[in-house]
Amino acid sequence: MASGRRAPRTGLLELRCGAGSGAGGERWQRVLLSLAEDALTVSPADGEPGPEPEPAQLNGAAEPGAAPPQLPEALLLQRRRVTVRKADAGGLGISIKGGRENKMPILISKIFKGLAADQTEALFVGDAILSVNGEDLSSATHDEAVQALKKTGKEVVLEVKYMKEVSPYFKNSAGGTSVGWDSPPASPLQRQPSSPGPQPRNLSEAKHVSLKMAYVSRRCTPTDPEPRYLEICAADGQDAVFLRAKDEASARSWAGAIQAQIGTFIPWVKDELQALLTATGTAGSQDIKQIGWLTEQLPSGGTAPTLALLTEKELLFYCSLPQSREALSRPTRTAPLIATSSAHRLVHSGPSKGSVPYDAELSFALRTGTRHGVDTHLFSVESPQELAAWTRQLVDGCHRAAEGIQEVSTACTWNGRPCSLSVHIDKGFTLWAAEPGAARAMLLRQPFEKLQMSSDDGTSLLFLDFGGAEGEIQLDLHSCPKTMVFIIHSFLSAKVTRLGLLA
């Protein structure tokens, strides 16, 4: 990592390695996860895989005479930033030794089970504390370090580095020989030992996933309803990892940190794609309004990451981040905004048996009117903020498209006569005669304000009721009328919004 960058966030999670004979039929390997500015690194960590690791395995010696933990090489080589969130009682849950007067750095000599430091799964006996909330402790005395740690609030950011050469000194520290500043836990939280699972095919070397427009999603599994799983995929779809955290809070914290780092790349990605989009010269290649990953709920019950790119007129979908003009010009699916509507908080029967559950409160449906009917797709996002942003952008995009297009025409038949129906956002509905060789004649004109109801038969017929003498007129559009129905609704919605803004 280049000098000058902040220390990465690190912690121990579990990596799914493949099928096995244990619970859930899956094999898991304990790994060290390191979140840097531009990449997520998964490194091998020693220890048997299991659904709930013991604190002693994660944080160092917990019994008198126990040996210090065997830590992954990647952890020995780097400075790390660890955020500790203290409970109302119990403090950080560490003891320290060393100090300038002892010609030693400030070292963690003991970690109490169940307290805040232990729960991070990212601090170890033998870690040197380099700073506390940005305050340098590299030359602090023991008392200065104690005071710096005591005056912290509920959230403490420690910068640490593991000191392999001094960790044997604390081999028997759990027996009570350490001099600590934190009160020992009154009633330490106990965790039940986990039965080791079958030996997986271990990760043999570090795996790096670029964070540039990467996809990250919190998940459940059919055998574990707690959303403590993370799926992370590189933007090109080539590198992917499926991780298990100790609980939902840990998974949420990691997902938030990873998403925040990914978010720093979005302005650059938008600029790159904007240049490619402009170079394609295709219709609708205006400014990019929004870009991001959605999780599509497939009809089979599974899910798939889908990259959505919103322009002024279209919503484009890709399986991976386009890297060329050719890739950008070939989306897997395109939805014209003027014929698309969105809805969320749907009432549904839930995912099918064996599928990955998802949060219906963070889901929304996209419905697009086409010549073959209504094309419906269900997506989910990771946070209420994402849902609000996509919903707002889609509604605004629909209105922008309506205001930009202004008018749409289609061939039809009315009372047996070939006609052309024009729908204009300001002028309303106009029927023109379209007999071969005949002069263009206006047969009917009605403003939007006169429209009392519209409906269709889902096959070819469009019904427009203007009241008055004409009543309901029936138009045969010779194909599924859903596209025109959605466009009429978009014009109406844009007009209502316009009136609301002017009121």
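Here the Cβ of each residue, glycine as well, is placed from N, Cα and C on the backbone.
Not measured: the values here are computed from a predicted model.
Checking Ser43, Ser187 against Swiss-Prot, you find phosphoserine recorded for Ser187.
Between Ser183, Ser195, the residue that has phosphoserine written against it in Swiss-Prot is Ser183. Looking up the ranges 40-68, 127-155 in Swiss-Prot, the one annotated as region 'Disordered' turns out to be 40-68. For the domain 'PH 2' (287-399), residue counts in helix, strand and coil come to 26 helix, 46 strand, 41 coil, using DSSP.
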